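Quick look at what TrEMBL annotates:
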- 1-27: signal peptide (SIGNAL)
- 28-331: domain 'Plant heme peroxidase family profile' (DOMAIN)
- CYS38-CYS121: disulfide bond (DISULFID)
- HIS69: active site, proton acceptor (ACT_SITE)
- ASP70, VAL73, GLY75, ASP77, SER79, GLU91: Ca(2+) 1 binding site (BINDING)
- CYS71-CYS76: disulfide bond (DISULFID)
- CYS127-CYS327: disulfide bond (DISULFID)
- PRO169: substrate binding site (BINDING)
- THR200, ASP251, THR254, ASP259: Ca(2+) 2 binding site (BINDING)
- CYS206-CYS238: disulfide bond (DISULFID)
Amino acid sequence: MAAPRFHLLLVLSLALSLCLFPDTTRAQLRQNYYASSCPRVESIVRGVVQNKISQTFVTIPATLRLFFHDCFVQGCDASVIVASTATNKAEKDHPDNLSLAGDGFDTVIKAKAAVDATPGCKNKVSCADILAIATRDVIALSGGPSYPVELGRLDGLSSTAASVNGKLPQPTFTLNQLTAMFAANGLTQADMIALSAAHTVGFSHCSKFANRIYGFSRRSPIDPTLNSTYAKQLQSMCPRNVDPRIAINMDPNTPNTFDNMYYKNLIQGKGLFTSDQVLFTDPRSKPIVNKWATDSKAFQQAFITAMTKLGRVGVKTGRNGKIRQDCAVLA
């Protein structure tokens, strides 16, 4: 009974997502949206992104993760960038967002300032679109695929910490939980597996995976799906009572390159989170992991497809959004 019941939940979840996020966005979003109002917007943003990356590599995973966290909560509307006020606790201050690196926020804010400083562009480009462009750029500039970005999003009119509850995947998620959460945003299981590869340039704090290397179960102190040599390396980098500010690369082999090494690592038992390794240990997702580990072009195309679909989630149009003058302020 469990499998049919789960499939029914998926269907209901997808139907709900279509009600919450009707597919009117494709008519609103288009390439070269700013061709007449701010034709150089993409080159302006890219310049800022390149400069930020030259200052710190963290810009790459920080921006990519910021986009994902934004789109999964109230849609791709830059609401995650909004700062809390005395009367409103914003999305960015929810516990699930406290680990978002400041360099992602800084990239968008600096790119917005550069765009608005360009004659004719002031208050013409949304923070949500700038984040979408910057995300494509950090991927491409770290060795990943470049792709045309659909534009035309407006910025959201609200941002609350409460709205984040239950909307973001957790490191301990099973394949069923991951699939259901992505389905709720109109994304397939294949899209989820492709987007998970963003961890090829990410980093994590030790507390997020400590349960896998210390006291995993009565039978095994270490998660048996974790490569034993890798587990010992993780223990040396993340000893008990480690400084909570310590973070390590999620990809132990090519941490500064956006590539398909993520899938090769999973095959070797080197997925850092339970939610990473499950993509290989579960027979339903294992074939895709095996394919993308050996076929970089197929992975890149799947990633482009998934990122494009992610960028359409919950897009604000008309009176449901605005172009913020300051990305961190709703007014």
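Placed from the backbone N, Cα and C atoms, the Cβ positions cover glycine too.
Model, not experiment: these values are computed from the prediction.
Sequence features annotated in TrEMBL and their locations in the structure.
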{"residue": "HIS69", "record": "active site, proton acceptor", "Cβ contacts under 8 Å, 6 or more apart": "VAL80, GLU91, ASP96, ASN97, LEU100, LEU168"}
{"residue": "VAL73", "record": "Ca(2+) 1 binding site", "Cβ contacts under 8 Å, 6 or more apart": "SER79, VAL80, GLU91, SER163, VAL164, LYS167, LEU168"}
{"residue": "CYS76", "record": "disulfide bond", "Cβ contacts under 8 Å, 6 or more apart": "PHE67, ASP70, ALA128, LEU131, ALA132, ARG153, LEU310, GLY311, ARG312, VAL313, GLY314, VAL315"}
{"residue": "ASP77", "record": "Ca(2+) 1 binding site", "Cβ contacts under 8 Å, 6 or more apart": "ASP70, ALA128, ARG153, LEU154, ASP155, GLY156, GLY314, VAL315, LYS316, GLY321"}
{"residue": "CYS127", "record": "disulfide bond", "Cβ contacts under 8 Å, 6 or more apart": "ALA78, ILE81, VAL108, LYS112, ASP155, ILE323, ARG324, CYS327"}
{"residue": "PRO169", "record": "substrate binding site", "Cβ contacts under 8 Å, 6 or more apart": "GLN177, LEU178, MET181, SER275"}
{"residue": "CYS206", "record": "disulfide bond", "Cβ contacts under 8 Å, 6 or more apart": "MET237, CYS238, VAL242, PRO244, ILE246, ALA247, ILE248"}
{"residue": "ASP251", "record": "Ca(2+) 2 binding site", "Cβ contacts under 8 Å, 6 or more apart": "HIS199, THR200, VAL201, GLY202, MET261, TYR262, ASN265"}
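CYS121 (disulfide bond) sits 24 Å from GLY75 (Ca(2+) 1 binding site), taking the Cα positions as reference. Around ASP259 (Ca(2+) 2 binding site), taking its Cβ as the centre, 19 other Cβ atoms fall within 10 Å, counting all chains. Using a 10 Å Cβ-Cβ cutoff, THR254 (Ca(2+) 2 binding site) registers 17 neighbours. Here the disulfide-bonded residues are CYS71, CYS121, CYS327; the one with the fewest Cβ atoms within 10 Å of its Cβ is CYS121. For CYS38 (disulfide bond), the nearest of the binding-site residues by C-alpha distance turns out to be GLY75; the candidates were GLY75, THR254, ASP259. Separating the Cα atoms of CYS71 (disulfide bond) and ASP259 (Ca(2+) 2 binding site) is a whole-number distance of 23 Å. Note on the domain 'Plant heme peroxidase family profile' (28-331): its mean pLDDT in the predicted model is 97. Around the Cβ of CYS38 (disulfide bond), 21 further Cβ atoms fall within 10 Å across all displayed protein chains.
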